[in-house]
Amino acid sequence: MELVFIRHGFSEWNAKNLFTGWRDVNLTERGIEEAKAAGKKLLDAGYEFDIAFTSVLTRAIKTCNIVLEESNQLWIPQVKNWRLNERHYGALQGLDKKATAEQYGDEQVHIWRRSYDISPPDLDPQDPNSAHNDRRYAHLPKDVVPNAENLKITLERVLPFWEDQIAPALLSGKRVLVTAHGNSLRALAKHIIGISDEEIMDFEIPTGQPLVLKLDDKLNFVEKFYL
């Protein structure tokens, strides 16, 4: 069986080189074109899906919609869930990456961005931009909504959704598309492929390119490739 991942298209804050995380920003024209191209690749390669999973952030939802529209599959069920959100970058969200490196040093920022188990500073829950003040998370217990995450914590957040939703869909024979974010997809890939804590630091997923994971009938990893 095959599972297809797509990282959302290039966003407004990708273009501005800002830390994004759980902040809700839109796609750029480049991002829209990336999503259209991804949908056409899937159409040309004959990929059909029974269900699509995405996050509750606009850039991923729009990417999912565009991909499905371009591949003539906009009608299939979509499941939006906060567990597929991008990694929460804490107090770094909204900051310029270059300016942050100048303030804290390249090494410290690299650790915050790439280490598996070290988180950036927390975002104050009272901050107007905190997810605690966003109604799309109002149904969640306060202690579940993050103030900052590393990749390890992101994996712990994503894994229940894999086990409860994505894996059962695959095992039931459904053809699955997951349109999400760089780090939530990296976390899922780490679990599925078996990437080590060290190797995951250098594992990247580019925006808007369909990544196909081939799995056996027990969801063991076989191979991966980009369309």
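Glycine too: its Cβ is placed from the backbone N, Cα and C atoms.
Lifted from Swiss-Prot, the feature list:
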type	residues	note
BINDING	7-14, 20-21, R59, 86-89, K97, 113-114, 182-183	substrate binding site
ACT_SITE	H8	active site, tele-phosphohistidine intermediate
ACT_SITE	E86	active site, proton donor/acceptor
SITE	H181	site 'Transition state stabilizer'
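A map of Swiss-Prot features onto the structure.
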| residue | record | DSSP class |
| --- | --- | --- |
| R7 | substrate binding site | strand |
| W13 | substrate binding site | helix |
| G21 | substrate binding site | coil |
| E86 | active site, proton donor/acceptor | coil |
| K97 | substrate binding site | helix |
| H181 | site 'Transition state stabilizer' | coil |
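When the recorded positions K97, H181 are compared by the number of other CB atoms within 10 angstroms of each CB, K97 has the fewest. When Cβ atoms from all protein chains are considered, those within 10 Å of R7 (substrate binding site) total 28, not counting its own. The Cβ of G21 (substrate binding site) lies under 8 Å from the Cβ of E86, R87, H88, Y89, G90, L92, Q93, each on the same chain and at least six residues away in sequence. If you take the C-beta of F10 (substrate binding site) and look for same-chain residues 6 or more apart in sequence within under 8 angstroms, you find L27, T28, R30, G31, E34, T207, G208.
In this structure, R87 is the one among the recorded positions H8, R87 with the smallest number of other Cβ atoms inside 10 Å of its Cβ.
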